[in-house]
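Reviewing the structure listed below.
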Amino acid sequence: MNDVVLSCKNVSKKYTEFKTDIAILKDVNLEIKKGEKVAILGLSGSGKTTLLNVLGGLDKCSAGEVYLMGERFDNQSVNKRAKMRNKHLGFIYQLHHLLPEFTAIENVMIPLAITKKYTKKESIKLANEILKKVGLDHRADHKPAELSGGERQRVAIARALVTNPNCILADEPTGNLDSQRSESIFALMQQLSDDFGISFVIVTHDEKLASRMNKIYRLVDGELELVINSN
């Protein structure tokens with residue numbers, strides 16, 4: 001059985017500026033298996049976020065191929081990519097991007113509304129269950145302004161998890177948190193990955209936290225290098 005959730009083959013990405021091609025990604029190959037926890041390290045501007053966006057179907061590669069759950073992903077129509085993305089992927093960002101006028105539970109329910117598969121009652125039940133998993137069911141009716149930075153990021157994690165994705169792509173998920181809260185968020189993501197068999201691809205500048213992952217890659221001048229493989 002093929003347990004590869006997300007992969008890219010010979011992916012390159014370039015932009016043209018003032019008639020000059022600027023290479024952001026160069027012939028990148030990456031394979032993410034079920035339940036695997038992968039960290040991608042790199043300096044600011046190294047292309048980490050671009051790679052995450054290409055893997056998540058939010059940006060198109062200039063060359064190469066991206067596969068999601070064994071199906072070619074990068075060459076699909078915008079609508080088909082969106083459907084595949086909503087079904088199989090979750091996203092966590094450095095800034096939580098919670099809607100300020102919505103409560104924690106309402107923010108978590110948003111991806112369920114997009115799928116149009118659940119009644120409101122079912123959505124509330126699912127959102128409550130996942131908030132409990134991240135230890136925030138007692139804060140379900142609080143708006144983001146009433147939550148701490150760590151709590152807001154936990155809500156963002158719950159929102160990413162609520163549709164039961166196969167893989168979560170996280171871009172500097174602890175970048176705005178202090179070291180203690182960063183440790184707590186990383187431990188939570190590891191536990192959720194172990195409990196649900198969800199793959200995590202985490203872009204981070206924090207080498208200490210990255211060391212907890214199964215694999216560590218480093219992106220240097222657009223080229224991806226495997227640093228550690230503890231599988």
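The backbone N, Cα and C atoms fix where each Cβ goes, and this holds for glycine too.
Lifted from Swiss-Prot, the feature list:
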DOMAIN    6-230  domain 'ABC transporter'
BINDING   Gly42, Leu43, Ser44, Gly45, Ser46, Gly47, Lys48, Thr49  ATP binding site
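Annotated features, which come from Swiss-Prot, shown on the structure.
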residue	record	Cβ neighbours (10 Å)
Gly42	ATP binding site	21
Leu43	ATP binding site	12
Ser44	ATP binding site	7
Gly45	ATP binding site	9
Ser46	ATP binding site	22
Gly47	ATP binding site	24
Lys48	ATP binding site	23
Thr49	ATP binding site	20
Exercise for the section: Determine, for the ATP site, the additional residues of the same chain whose CB lies within 8 Å of the mean position of the CB atoms of Gly42, Leu43, Ser44, Gly45, Ser46, Gly47, Lys48, Thr49; present them in sequence order. Expected result: Leu219
Completion exercise
By a three-class reduction of DSSP, Leu43 (ATP binding site) is assigned coil
Exercise for the section: Report the mean pLDDT of the predicted model across the domain 'ABC transporter' (6-230), rounded to a whole number. Expected result: 89
